[in-house]
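Visitor: The following block contains the structure, expressed as structure tokens.
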Amino acid sequence: MASSPTPSLDSMRGGANSIESYEHAGYLSDSPLTLSGSSPPASDSAICSDEYTGGSSVKSRSEVTVINGHHPISASVSSSSSASSSSCSSSSSSSSSSSSSSSSTSGLSGCGSTSSSVISANNVASSNGPGVIGSNLQSSNNGGNSGISSLVVGAGKGSNSSSNSSSSNTSANGSPPRCTACKSKCSDAVAKCFECQSYLCANCVTAHEFMHCFNGHNVCLIKGFEASTTGTPLSVGSPSNNPASNEFKYASSLTMMLQQQQQLDSQQQQQQQQLLPAQPMSQLSKIVLAAAAQANSQEQQREDSIYGSLHPQQQQQQQQQQQRQLFCPRHKQELLKFSCRTCCILVCKECIVLEHSTGLHELENVQSPGMTTSTGSTANESALQTLLADMRGKIGEIVGIAGNSDQNLTKVKLQYQKAHNELNETHQFFASMLDERKTELLKELETLYTAKVNSNNSWQQRSRDLIDKGLATCEAVERSPAPPSSLLTEALLLRKSLEQQLQTGIQEMQLPFEIEFMSNYQSIQAGVRNTFGYIRANSSDGGPTGMSLTSNGHGKQPPIARPTQSASNSSASSAGSGHHGHHQQSHHHGHHNHHQTAHHQQLQAQSSLHGLGLGLSGASLLDSSSSAGGAVGAFSNGGLLLGGRDRNALAVEQHFGELMPKRGGGGYTGSNGSATSAVAHYNPYEKWSNGGSDNLFSSVTSGVSGSSAVADAFASLSAVGGSVVSGAGAGGSTVSSESLLDLTNKLLSATIYPPKSQIKRQKMIYHCKFGEFGVMEGQFTEPSGVAVNAQNDIIVADTNNHRIQIFDKEGRFKFQFGECGKRDSQLLYPNRVAVVRNSGDIIVTERSPTHQIQIYNQYGQFVRKFGATILQHPRGVTVDNKGRIIVVECKVMRVIIFDQNGNVLHKFGCSKHLEFPNGVVVNDKQEIFISDNRAHCVKVFNYEGQYLRQIGGEGITNYPIGVGINSNGEILIADNHNNFNLTIFTQDGQLISALESKVKHAQCFDVALMDDGSVVLASKDYRLYIYRYVQLAPVGM
């Protein structure tokens, strides 16, 4: 071992102060300060305090370093930027742990401690956990040097290494340092924490990495401590001592702030020490400082000569690497250290936890620049090269496409010229057709004018002849020599014929003969747009060909509004509706076994009652009555009025008591007054439905309190078939099927159905809505009627605006026709519309005062009008497959069937069965389905006026607003009781499915069905909604 260039203090004192081994069986203390053996002599302490009075240890917890078996000098030596001027203080040595790495900073640690670690603020590495793990630390202790030079070399190099890592906790025999952070005293240290001032084993490093209590701790991994403990000399010029490779890397911004604060404190302390008055320096201190300055100067020159050209490049690379560090845009404090191959983006730790789970996404670690290995670098370079190759390939494709731009322009130009020529040809054809039509109309006008002139001339000739004959007759009578009495008989004979001729002449003169050209400019505009043609372009860019123009050709936005969900959202909502239906089916499955027998009996009763026209309602009547106590069975038992009614009322009261807490949230006492008061103040929305009275639950309360609804039904039965109460026990009179049918209907409308539907309804949402209040295009003041033609165009009767508006299936305005008036092509309060499917003609009914029917063609041109002297209160209108017009009237409860010319084919009254009809539809079997708002059902008649059956009822179809029949022949009954509800039946009355809207609507006017499985709803909020209903499996009550 080479001798130290500076004499040892022990040799100067004349004796070796050996310290016994640091590692022994009895580990004395957890602190690295504890030593076994003799303490430093008093002379050493005197040396330290001779020059530096009041100086303390370099660190708060000093460490003892054993070098070559000698005890080091207990003094602190700090070298300034110049080798000649230096000051020594414990505070400056302590502050050197946070100063930046520079080759001019060195120092001797006092009281057995080497120079503290120099932490550079520029050397920042990524954090792998709560503890900040630094880069590998290599020992800077030169085994070949000893004494003062060996102490000074580590500090004089200006590197970030610390001799503490190899010598502070190392015994004289070269054993590695032990962990001082845990209770296990036999674990080798692999790192050091500068916050805890402890050496760490592998377990402690793991704890610092993952435990939150160690967040922000600076942990430095120790590399090569085995070599340093065995005494293997490390050359000063070796790459392992390179400051760039031995720096501590930190990624914590808080650590950098603390380091900067420590640097400022260190600089302030140094300035304060420089301002202190110079104290006399002992001879020994002068020798030590001179030796330290000389060694530092030699070491610095050696490093400058070896790494002078390399170090600036490494610093520049480090700065570039720090600039290349990217932070997550969402999590500002996290680095983008991972790459998600699945999503082809860089992510941080938080992004992995939230969105890029390991099981579903393929992740790889993007190594930090300071930690990149050769293998990782090669993989990243290959990935980068692959990406660049792909980009070059895409660029080549773009270049190829751009090269064909001339050909594309030529092709587009040819297509433009072709379209231009075809457009001109179409215009010429239209012009020729207009000229031809103009010639025809002029010829017709000339013919009519000539005929009128000729007729006038002939009449004038005849009138002159008549005048001449009349005057001649008068003169002949006056000149006659016979007495007047003899001529009186002849004059009386000629008087009658003469008066007739004069009257005929006067009437012919007063007959109006008007010639007028009738034209509909809006219809012409719509017809030209529909028939002239259109430009079709598949361009998707935002240029002129890609701009979407509205159908009215003016380029303005159509009056259409859609819900916030897009088309994808509407499809997702349909899937959500299916899921909801599955949940409902699973809910019903739990009750299937319980109701299986009852459902079977219901089907049998239904099949047996089809002959009476009861359908589902009759079956429900039998089923519900049997469950309520046998009200229908009481017909043969004689207890009809007392026992049957009391049991039925009791069942309804019990059901109502169960229903009210669910709907209103309040308790139900069971008394009549409490039930009535609970209904009176409950939910004012219940009064919104069409035809609804204030007594919303009048049927239920009447059943509870013994109202006259059921009694009236029984009284009618008594009037038809005799006294039921008195005659039932004694045999009574037999009730006819017709009277039983009437009684069944009245019972059905009185008490058999609950006030709120007990069937489970599937949710549906509207996918389009349009319209608003106003008088402009696409605006309404009262959209009271709606119909759909074969092209799925929506035809709306705007009553108070006295017009008909036509929209496409997306709700975009097309055209309108009509104006206020009583003349031809004028409308006055149109309230319902229907469409002839074959021809597209539009049938319009008007309410009072005209109460007539007008027919327009599909372009809005007037055809004819009729029915003003026949109709009184037209409410619903429809057209069958043979073009016959069926009109149902409210108030007078009458159905009238017209042909296209206005002739009455059939007419019948149905006041016995209808209460307030408001919608009508027909099937191909000449059956008329009429929705009755106040009877809560649909009544079915044939063309001869015979009542057939009933579909739906209270509790299922409350206050229906319209009825329709779809392409599958199913009957759809719409009502807006609470929500907008759709209930689908077969034509025989069997329930198929039930739906309801997610949003509530106020009063609704009318509904119409589209071919794509949608229903158009006209509401009193001046808007039209298009709902798509879903066909579901049959559901039970």
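Note that Cβ sites are derived from N, Cα and C of the backbone, with glycine treated the same way.
When I checked Swiss-Prot for this same protein, it listed these features:
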REGION    29-63  region 'Disordered'
COMPBIAS  31-42  compositional bias 'Polar residues'
COMPBIAS  54-63  compositional bias 'Polar residues'
COMPBIAS  159-175  compositional bias 'Low complexity'
REGION    159-178  region 'Disordered'
BINDING   C179, C182, C204, H208  Zn(2+) 1 binding site
COMPBIAS  543-554  compositional bias 'Polar residues'
REGION    543-606  region 'Disordered'
COMPBIAS  565-577  compositional bias 'Low complexity'
COMPBIAS  579-598  compositional bias 'Basic residues'
REPEAT    767-810  repeat 'NHL 1'
REPEAT    814-859  repeat 'NHL 2'
REPEAT    860-901  repeat 'NHL 3'
REPEAT    945-988  repeat 'NHL 5'
Visitor: 10 Å Cβ neighbour count around C179 (Zn(2+) 1 binding site)?
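Guide: Excluding its own Cβ, C179 (Zn(2+) 1 binding site) sees 25 Cβ atoms within 10 Å.
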Visitor: To see if you understand the setup: which same-chain residues, six or more apart in sequence, place their Cβ under 8 Å from that of C182 (Zn(2+) 1 binding site)?
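Guide: Result: C201, N203, C204.
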Visitor: Which sequence positions outside the repeat 'NHL 3' (860-901), separated from its termini by at least 6 residues, show Cβ-Cβ distances below 8 Å to it?
Guide: 518, 520, 522-523, 526, 804, 806, 815-818, 824-825, 831-839, 841-843, 845-848, 850-854, 907-911, 914, 916-922, 924, 926, 928, 930-931, 941, 943, 945
Visitor: Need the DSSP three-state call for C182 (Zn(2+) 1 binding site) to compare against my parser.
Guide: coil
Visitor: Beyond C179, C182, C204, H208, what residues of that chain have CB atoms within 8 A of the centre of the Zn(2+) 1 site's CB atoms?
Guide: A181, S187, C193, S198, Y199, L200, C201, A202, N203, V205, A207
Visitor: For the repeat 'NHL 5' (945-988), report the average pLDDT of the model, please.
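Guide: The answer is 91, the mean pLDDT of the model over that range.
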Visitor: Let's see if you can do this one: DSSP helix, strand and coil counts over the repeat 'NHL 5' (945-988), in that order.
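Guide: Helix (H, G, I), strand (E, B), coil: 0 helix, 21 strand, 23 coil.
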Visitor: In the repeat 'NHL 3' (860-901), how many residues does DSSP call helix, how many strand, and how many coil?
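Guide: Helix/strand/coil tally for the repeat 'NHL 3' (860-901): 0 helix, 21 strand, 21 coil.
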